[in-house]
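**Q** Let me give you the structure first, and then I'll get to my questions.
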Amino acid sequence: MFGFRLSVLLFAVCSLSACSCMFVNSCKYPPSQWCDSRDIAAQCGVLEQCMKFNASPVTVSLYYESLCPGCREFLVSQLVPTFIMLSDIMNIELVPYGNAQEKDDQGNYTFICQHGEDECRGNMIETCLLKALGPKAIPVIFCMESGADVLKAAQPCLGVYFPDTTWDSVMKCVTGDEGNKLMHQNALKTNALKPPHEYVPWITINGEHTDDLQDKATNSLFNLVCSLYKGEKPAACGQGLKKRTNSYCMN
């Protein structure tokens, strides 16, 4: 895939003008190394193209609760559909915790969740899924959050996407020390937000939260990601995906 994209880059540069192609032909480096450094790219006449080629993906972090209606709406109608269409230019970070409270009992943590014990269990299941599966957990969590009952959907959703991952292995994390420590890390990450979160869903873009970014993300995350990406826009950005989310769970 990397070689193919560089071949496309070479073709594009040579198509610009005969002069550009002569510049490339005088380059001392093979095409596979053109974008290895800014100096090499400049010497080979492809600096602008390499800057687009090497553009960092937009990172969208969602601080949320598994049973918060507004969180579920944003995740199901905005976040995951946008990721499906723009996965080449976008990363997702999910942090299930939200407006929960944590109590430390000599290194063993207990949690009080805004929507009760079921939400604490949902948060823990999704946290353990993320630990076990990494980004591949996203469709499982989407399946859970789009169901009528998040908790009842968890095991069937896992079975659909990862039949080789046992439910017992997930529950071992949920009920054990591993899940407890993972949720503590979610608490630390949420409580370290600057500015502090006031509600959920709380969205950061490349680690930054502003009222303007939050409003744009909930109005059309798709358009926001396309507008912020510094590289060459994928064809999907010529389309649109809009559905405003204005429901929040206040802290």
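Glycine is treated like the rest: Cβ placed from N, Cα and C.
Residues or ranges marked as disulfide bond in Swiss-Prot (evidence: similarity to another entry): C68-C71. Residues annotated as domain 'Saposin A-type' in Swiss-Prot: 22-60. What Swiss-Prot lists as N-linked glycosylation site is N108. Residues or ranges marked as signal peptide by Swiss-Prot: 1-21.
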**Q** Could you count the residues of the domain 'Saposin A-type' (22-60) that DSSP puts in helix, in strand and in coil?
**A** 20 helix, 3 strand, 16 coil
**Q** For C68 (disulfide bond) and N108 (N-linked glycosylation site), what Cα-Cα distance in Å is obtained after rounding to a whole number?
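**A** C68 (disulfide bond) to N108 (N-linked glycosylation site), Cα-Cα distance: 25 Å.
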**Q** For the recorded positions listed here (C68, C71, N108), which one has the lowest count of neighbouring CB atoms within 10 Å of its own CB?
**A** N108
**Q** Using DSSP reduced to three states, classify the residue listed as 'N-linked glycosylation site' as helix, strand or coil.
**A** strand
**Q** Fill in the CA-CA distance, N108 (N-linked glycosylation site) to C71 (disulfide bond), as an integer in Å.
**A** 28
